[in-house]
Amino acid sequence: MKIDGIWYRSVRVDADDGWSVRMLDQTKLPWHVEWLRLTDEAQVAHAIRSMQTRGAPLIGAAAAYGVALAMRRDPAALEAVCAKLAATRPTAINLRWAIERMLAALRSLPEAARAAAAYAEAAAIAEDDAATCEAIGRHGLPLLQAIAARKPNQPVNVLTHCNAGWLATVDWGTALAPIYMAHDAGLPIHVWVDETRPRNQGAALTAFELGAHGVPHTVIADNAGGHLMQHGEVDIVIVGTDRVTRNGDVANKIGTYLKALAAQDNGVPFWVALPHSTLDMRVADGVTEIPIEERSQSEVTDLTGRTKDGRIETIRVVAEHSPAANPAFDVTPARLVTGLITERGRIAATAEAIAAMYPEKP
Ligand SMILES: CSC[C@H]1O[C@H](OP(=O)(O)O)[C@H](O)[C@@H]1O
C-alpha cells in the first residue's frame, strides 16, 4: 500500500544488496516511518517478539525470510532455526504454517541449494499473501455495497478492532481490504477504529493506514463500540484473526469477543476476514485449544506517545506497585460470527462450510 504516494510491501528483500530483508518498525508508527534492515534470523525473531513486525500473515512471511537469511549463513541449521522462529509467538497459526511450508520446501534439498530455494519460497509466501488479501477485499466488498444500497448518500459505518490492514499482512490487509476497495470504488465509507488497548494497534496503526489512504475514520475507546451499536451507529463489524479453528472459532486481538457479544445483542453483522494461512484444521474448540499469548505487564502499565514538543516518551499510567495481566488475544465462538470472508469467497463460520471451501486442508 501507499505511504506519501510510494507503494510498499510490508516485507521485502533489499533492492540494493539483494539479500537483507526490509520491514517497517511498527513500534515507531505513527510518528516515524522507519524501515528495519534485517541481516540474520535472530534479528527477525526479535522483530516478531517485540512486535516491530506484527500481524498474523505478516509474521508468517517475516519468519519465512528469517529462514532464508539463516540458510545464507548456515544451511545445516534449518531445523534449529525453524524451531526458534516458530517459538517467537504462540497464537497466530500463520507462523507455524509458514515455517512448515519452508521446511517442506527445504529439508530434502542439498545444503548448497537451500539458500536460493529459501528466498524463492519466502517470496512465494509473500506474493501469495498479497494476492490472497486482495481477493479477500474483492469478496468483502459486496457486503459494503449492499449496506450502501440500503442507505443512499449516507456513510457505511464499519467498526474494526486492532490492525488487520496492510501493516498486518504483506499487502492490502484482511479486514481493511474490503474497506480500501469500497473507498476506492467511491462508496461513502466511515470506519470506527477501536484504539485497541494495550498496544493501541488501532489508534496507532489502523488510523495511520486509513489516514494515509484518505479513508474517513474516527478513533474510539475500546469500550465505546457497544454504545455505538446500541444507537445504530455501526452497520457492520469486520475484524481480522490470528487463527480460525475447523469449527469456525476465531482467535483475535483481546477485546474482539466483547465486540462480537455486543454485535449479536444489537443485530449487527460480525464478519471475520482471513486468508487460508490462518485456518487451523488441527484444532476444533478455540477456547480450550488455542494458546493465548501472555505479554509483558509493561504493555498495560506503560503508554508510549508523542509529547507536545514532539518527543516520543513512555510513561506509567497504572498506580505504582499495581500488577497487570496482559492476555494478548481472546477467542470468539463461531456462534457469534456472522461469516468468514476468505480469498475464495464468503462462508458461514461452520465446520461444514469451512471443509467445503477448503477440501484440500486435512
Ligand atoms: C490480518 S490479521 C492481524 C491480526 O494480528 C494482530 O495481532 P498482533 O497485532 O498482536 O500481531 C491482531 O490480532 C489482528 O487482528
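Each residue, glycine too, has its Cβ placed from N, Cα and C.
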Further binder of substrate named by TrEMBL next to R54, G55, A56, R89, N252, K253, taken from the candidates Q201, Q230, Q297: Q201
G55 (substrate binding site) - helix vs strand vs coil (DSSP): coil
Non-site residues, in chain order, whose CB comes within 8 A of the mean position of the CB atoms of R54, G55, A56, R89, Q201, N252, K253 at substrate: I59, A92, C162, N163, A164, A168, G240, D242, A328, F329
Neighbour count (Cβ, 10 Å) for G55 (substrate binding site): 29
Packing count at D242 (active site, proton donor) (other Cβ atoms within 10 Å of its Cβ): 32
